[in-house]
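Pulled from TrEMBL:
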{"type": "TRANSMEM", "residues": "6-26", "note": "transmembrane segment"}
{"type": "TRANSMEM", "residues": "47-68", "note": "transmembrane segment"}
{"type": "TRANSMEM", "residues": "80-97", "note": "transmembrane segment"}
{"type": "DOMAIN", "residues": "83-218", "note": "domain 'Phosphatidic acid phosphatase type 2/haloperoxidase'"}
{"type": "TRANSMEM", "residues": "176-194", "note": "transmembrane segment"}
{"type": "TRANSMEM", "residues": "200-221", "note": "transmembrane segment"}
Amino acid sequence: MKLDKIVFVIGVVSSLFIILALNTNPKVVRFNKKDKKISKSYKKKESISITTVSFISVSTPLILFFTVSRILNIDFERELEFYISFLTCQLFMAALVENFKNICGRLRPDFLDRCRPMRGVCTGNNKVIREGRRSFPSGHSATAACGFSFASLFVGSKFKSSSQNSFLKSKILKGFLLFLCILFPLYVGFTRYIDNRHHISDVLGGFLFGIMSSLFFYNFYSKRHI
């Protein structure tokens, strides 16, 4: 299908841009050693890793899609197209976020502790310093928002009071699922703030990137097929 080719191209191009971003140094922004906004302590261990966030944000919606597809007996080809759209959405979002981080070069709240400046020169670990220059937007927040916004759109369209299936007709279940779709991204964003990894605006920016990506892909592609 023509639309499948478009999504395939978007997925491939997004993957290439992700690789490019991860192998490109971010913009170098000058800093002031007295700037309190970047003077927080650097915590080596995060409350929740990007691997965990990605796993939950991808697997949970996929399980939900699979379960509802079984209930509605959705054609396998159309179901597969939906999965492809969702995964491409995540790749597209990641490409935007990773490259935007490098373009902005915003310093993280814990940058000075990462940098350990002496006479205006950073003496810390190069990899740690590099990541310290990639604060906006929050990748964790964007990933969670993208996955669970996509899931919430799906829940909103399939869990209806007019449905003949009692499972999809339940308002309590629908409300519970939508609550979880909001709760997890908020939890992730909160941990990024308390871990001194991001400013509040970074988290909000990440949410925006994730939500806009999911809205685009869900309405442009997936909603037309299921």
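A Cβ is built for glycine as well, from the same backbone N, Cα and C atoms used for every other residue.
Because TrEMBL annotations are produced automatically, they should be read as predictions rather than curated entries.
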### Query
Counting only pairs 6 or more apart in sequence, are there at least 3 Cβ pairs under 8 Å between the transmembrane segment (6-26) and the transmembrane segment (176-194)?
no
## Note on the structure
Counting only residues at least 6 beyond its ends, the same-chain positions whose CB falls under 8 A of a CB in the transmembrane segment (80-97) are 4, 7, 10-11, 13-15, 17-18, 21, 57-58, 61-62, 65, 69, 137, 139, 142-143, 146-147, 150, 206, 209-210, 213-214, 216-218, 221-222, 225-226
### Query
What is the three-state DSSP composition of the domain 'Phosphatidic acid phosphatase type 2/haloperoxidase' (83-218), stated as helix, strand and coil residue counts?
101 helix, 4 strand, 31 coil
### Query
Who are the chain neighbours of the transmembrane segment (47-68) in space, where the CB to CB distance is under 8 Å and they lie at least 6 residues beyond its ends?
74, 79, 82-83, 86-87, 90, 139-140, 143-144, 146-148, 150-151, 154-155, 158, 168, 177, 184, 188, 191, 194-195
